[in-house]
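Q: Input: one structure, supplied below.
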Amino acid sequence: MGDWNNSDAVEPIFILRGFPGLEYVHSWLSILFCLAYLVAFMGNVTILSVIWIESSLHQPMYYFISILAVNDLGMSLSTLPTMLAVLWLDAPEIQASACYAQLFFIHTFTFLESSVLLAMAFDRFVAICHPLHYPTILTNSVIGKIGLACLLRSLGVVLPTPLLLRHYHYCHGNALSHAFCLHQDVLRLSCTDARTNSIYGLCVVIATLGVDSIFILLSYVLILNTVLDIASREEQLKALNTCVSHICVVLIFFVPVIGVSMVHRFGKHLSPIVHILMADIYLLLPPVLNPIVYSVRTKQIRLGILHKFVLRRRF
């Protein structure tokens, strides 16, 4: 591809390639992704509606699950428009301003997911290690402040990224590797010195995903230590069972993130399609699987869904 310099352009335009080399199956892939988005949308909306309707679920743990569901909706909807435009409508062009906005939302929701998972780990820590103080520590006001802090942190760390990208010139082509805009994907097209942006991005990842994962791990070390001090084995299993759903969603989020990082750092020899699929998985897997995990593993939510969609229709 020839050089593409936007120095004189009013606004540069990027080309979203979707799945390079698999253009002949884009229509079939669009069906699969539409189904995945539909599952994510219906699952998270169901979780939100059940928690909203059932007064017995108006508790700290379920409020955090609601925040996670809202974030998962945002994460899936941030990639949906361009994904379907590329795969379904064969419309790969995207203006730079729209691209910057999309990557801002994608990365904000990603970091917000990590923040919410950390808050949920804190919820489990307080519930198991300090059960008598649980209602007084995690009040509605405190939960609201935690949610706001998570949002502000995510917005704050991501906001400089598109602001820096707006001042860059791009002379290494205009084709992006994915069906949506990602920070590193846009950055590699720049002919401006991008070390500041690149270093900032690395620092943000370490300070958010890295620190969050360490504190989540630490919380479970403390939880396990408390559980082992419980005399009754039945009570031990009961306490641990309340953490299973959260552990599952933590793995669903962090395992693909680690996989993407490993492939990006050490998988230069791999086919580009592997990198693309890994990015798609890490963005789409949590919104699709999280509501399924909570529907299957959390008894109160499962009963709420049955009451809302099955029992009410019978009567």
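Each Cβ is built from the backbone N, Cα and C atoms, and glycine gets one as well.
What Swiss-Prot shows for this protein is this:
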TOPO_DOM  1-27  topological domain 'Extracellular'
CARBOHYD  Asn5  N-linked glycosylation site
TRANSMEM  28-48  transmembrane segment
TOPO_DOM  49-56  topological domain 'Cytoplasmic'
TRANSMEM  57-77  transmembrane segment
TOPO_DOM  78-101  topological domain 'Extracellular'
DISULFID  Cys99-Cys191  disulfide bond
TRANSMEM  102-122  transmembrane segment
TOPO_DOM  123-141  topological domain 'Cytoplasmic'
TRANSMEM  142-162  transmembrane segment
TOPO_DOM  163-198  topological domain 'Extracellular'
TRANSMEM  199-219  transmembrane segment
TOPO_DOM  220-239  topological domain 'Cytoplasmic'
TRANSMEM  240-260  transmembrane segment
TOPO_DOM  261-275  topological domain 'Extracellular'
TRANSMEM  276-296  transmembrane segment
TOPO_DOM  297-315  topological domain 'Cytoplasmic'
Q: By DSSP assignment, list the helix, strand and coil residue numbers for the topological domain 'Cytoplasmic' (123-141), in that order.
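A: Going through the topological domain 'Cytoplasmic' (123-141) residue by residue, I get 16 helix, 0 strand, 3 coil.
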Q: Determine, from DSSP, whether Cys99 (disulfide bond) sits in helix, strand or coil.
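A: Helix, per DSSP.
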Q: For the transmembrane segment (57-77), what are the same-chain contacts with Cβ under 8 Å, counting residues 6+ beyond its ends?
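A: Distant contacts of the transmembrane segment (57-77): 37, 40-41, 44-45, 47-48, 50-51, 105-106, 109-110, 112-113, 116-117, 119-120, 123-124, 127, 134, 138, 140, 143, 147, 150, 242, 249, 283-284, 286-288, 290-291, 294, 298, 300-301, 304.
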Q: If you count other CB atoms within 10 A of each CB, which of Cys99, Cys191 wins among these disulfide-bonded residues?
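A: Max Cβ neighbours within 10 Å, all protein chains included: Cys99.
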Q: Checking distant contacts: for the transmembrane segment (276-296), what same-chain residues at least six beyond its ends satisfy Cβ-Cβ under 8 A?
A: 19-20, 33, 36-37, 39-40, 43-44, 46-47, 65, 68-69, 72-73, 75-76, 79, 106, 110, 113, 177-180, 182, 245, 248-249, 252-253, 256-257, 259-260, 263, 302, 305
